[in-house]
Amino acid sequence: MDKQLLETTVSKVLDEMRERPIPLGVSNRHIHLSAEDYARLFPGQPISEKKALLQPGQYAADQTVTLIGPKGQLKNVRLLGPLRRTSQVEISRTDARTLGIAAPLRMSGDLKGTPGIRLVSPFAELDLASGVIVAQRHIHMSPLDALIFRVAHGDKVSVAIEGNARRLIFDNVAIRVSADMRLEMHIDTDEANAAGADSPDAFATLVTPR
């Protein structure tokens with residue numbers, strides 16, 4: 001195979017790979033806890049896995065809490081594991097209105113200046129001083145995925161949600177690249193409802209890097 005033919009073949013294969021569906025994950029409200037906060041809310045209770053998530057090593061735990069805000073509460077909010085360095089609560093805009101909390105749109109881990117909330121478990125309660133956010137929609141990628149899609153960590157792209165009658169394009173979708181990540185787009189329940197992404201046939205495709 002000559003060089004030109006090889007380059008043409010590789011280019012064609014990469015184009016096909018860029019057009020492949022991106023798995024879509026709908027993130028319901030959930031919490032991440034530090035080891036210290038977990039021990040206070042679930043004293044003597046080892047964290048236990050209920051369901052593995054697509055991202056390696058991550059899982060939904062059996063443990064749940066109630067979120068209590070100035071105007072309302074949300075029960076049975078799932079803990080995601082493993083435990084983190086800092087506690088964090090991720091909710092939708094609809095959840096924020098229910099709770100009466102002005103949660104800002106942030107990337108996971110960007111918690112400076114965020115509001116707090118009360119967490120109640122079957123064993124104890126804990127007032128977080130900060131950590132409540134509405135998560136920025138994003139796509140997890142491995143370095144190889146990023147190379148194929150020609151994007152880099154921190155880029156913003158436009159993504160189409162397809163496979164249903166309510167095709168919708170989301171702009172400002174953040175790219176998150178890490179060696180331990182698998183290709184998956186994360187949106188919250190408000191975004192999923194708007195896009196009709198509750199359909200099992202729904203998937204994401206990259207429209208254009210921005």
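Each residue, glycine too, has its Cβ placed from N, Cα and C.
Per Swiss-Prot, CoA is bound by Val26, Ser27, Asn28, Lys71, Asn193; the candidate from Arg78, Arg182 named for the same site is Arg78. Matching Glu90, Glu125, Glu162 to the Zn(2+) 1 binding residues that Swiss-Prot gives (His30, His32) identifies Glu90. Its Cβ placed at the centre, Val26 (CoA binding site) has 16 other Cβ atoms within 10 Å. In terms of C-alpha distance, the listed binding-site residues Lys71, His186, Asn193 place His186 closest to His30 (Zn(2+) 1 binding site). The secondary structure of Ser27 (CoA binding site), as reduced to three states from DSSP, is extended strand. Counting only the Cα atoms, the space from Val26 (CoA binding site) to His186 (Zn(2+) 2 binding site) is about 6 angstrom.
Pairwise Cα distances among Val26, Ser27, Asn28, Lys71, Arg78, Asn193, the recorded CoA-binding residues, top out at 26 Å.
Sequence-distant contacts of His140 (Zn(2+) 2 binding site), defined as residues of its own chain at least six apart whose C-beta falls under 8 angstroms from its C-beta, comprise Gln55, Arg176, Ser178, Met181, Arg182, Leu183, Glu184, Met185, His186.
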